[in-house]
DNA sequence: ATAGGGTTAG
């Protein structure tokens, strides 16, 4: 490396300046061997005793090389010690998250005499460590010293006091400091916004954000956007719109602002908005970084924006951003959710390092398709690598067991999770277990399981039971589940439909009608089924009986042809239909124009033979469409990947990965 | 020669 070469030929100008420059280069390059050599030379030439600057630079450089003991040794061996040495070392310790050690060093300054008294550089660092380690008592003491010295007029100091109080769980004390400030700049507001956000007072964070914007004295900056972000989970639509307006009005929009805006959309489930904003970002020639892409990729997955996802993968390759676990995990997630298990697996196999998130991602990809054995093999493989499964990894493997109907294995994992790994089951785990038991036909066991839960069963838990009751036609327990659900979420259409399906299966048409009239009286409408498919980078949406598509005529002709061909193979719309679809208008004729079928016909017309058909829909698919899709996949020799509201159906040559069990 | 607010997955 050329650092060492220049060391051999030090600049003729007497050395010290050249050597100090070399120290800075070692700091930038984090090159410890050269740094040691330069240090030795400085010692040899006796530059160190006279030059405080040289010693400060050495401390910084050693810290940059993660050689903290060496950094500390420079301070210890200094004949004259001043505050700045401590500040630089404190900075190194806080940057390395060594907050305990930072606070010990801070405390030791008092013993060093007046030349080492903490100053307006020291306090922000010490308070940062208090905030990070939750040391409220020490923080309060430090605040008192600051006030005694009158240092609270310094903005840097005041902001760190605000931040310390907020992060130590005292948002009101933080606000008092903020409120009493004589002068404020943009960071003062950012500190308070982020303070409320980190203290969990999301609404107050948003209110003060709005107040700041309303003042119009100082422009919000990227820090403002990033500060409000953690307060925007589950945000109100009007707040999101407001932040977007602020974002649009910013005179300078840097990458951090774009990333924060994308993130706000993503955490609120506004995946389409995030995708649109990303497209806008590309048009504006803003170069995305890893975080941008790691934020947008899951959104692509959620809306099955496969071509954009692939495009992002190309960006990642072009910029040589991999290997990078964050991105690889996000890519896997995107491919899996776009229905491309193979591509997800390729990313997984190519990874040089994998963490629990990577494994969980691929396990869940297999699991939601019904490939239970592979999901379990992967889970065991992960354990074999010595990785500790966490709560979410268990959700993935339990879900895999329930989708595949592996009753005993699932029960074993649940026990293993609590006993061996000491993980307290959450609602998601209970949902998986109820699903597992219920699907396997153990309905009363599932019901007892819910009653014995130590936490209050939520909507999804009861929903899983109701779903199982539909599969196994259990009306008694189905009614109990429905009753709980209607009390919890009286307006959720899907549960009424499930209940009426249960009645329909039992042939109790009067009850079917009464469920429908309850729905009508409450003004609840059945969510219209919609299927999305992507051709090129264009998304096409189909509804039941949709004739709005320009190719409508061709689509219906194709569908008729297909249905004609599969009828000879045992497809009989009437029989399946009465079992599952109770809406009058959907019987017979309308079953044949369900959105899934239209989408399949459309893709067959517009793609070359052999191209997989990927469909994303907003409901669970009906068994009539499922049956038809299987037969169509066989006669047209196409893979059909149907993403349903809660799982994937991967159909190859007439066989579905769900094993007809969903 | 040193300090404040801020974004990263399953």
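Positions of Cβ are set from backbone N, Cα and C atoms, glycine also.
Looking at the domain 'DYW' (A:570-662) alone, the prediction's average pLDDT is 82. Marked as domain 'DYW' by TrEMBL: A:570-662.
Under the heading repeat 'PPR', TrEMBL lists A:154-188 (among others). Below 8 angstroms of C-beta separation, residues 120, 123-124, 127-128, 130-132, 134-136, 139, 142-143, 146, 194-196, 198-199, 201, 204, 218-221, 223-224 of the same chain, each at least six residues beyond the ends of the repeat 'PPR' (A:154-188), sit close to that stretch.
The repeat 'PPR' annotation in TrEMBL covers A:254-288 (among others).
The repeat 'PPR' annotation in TrEMBL covers A:355-389 (among others). Proximity of distant same-chain residues to the repeat 'PPR' (A:355-389), defined by a Cβ-Cβ separation under 8 Å and at least 6 residues beyond the stretch ends, is recorded for 325, 328-329, 332-333, 336, 341, 344-345, 348, 395-397, 399-401, 403-406, 409, 413, 417, 421, 646-650, 656-659, 661-662.
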Other parts of the chain folded back onto the repeat 'PPR' (A:254-288), taken as Cβ under 8 Å at six or more residues beyond its ends: 221-223, 225-226, 228-229, 232-235, 240, 243-244, 247, 295-296, 298-300, 302-303, 305, 308, 315
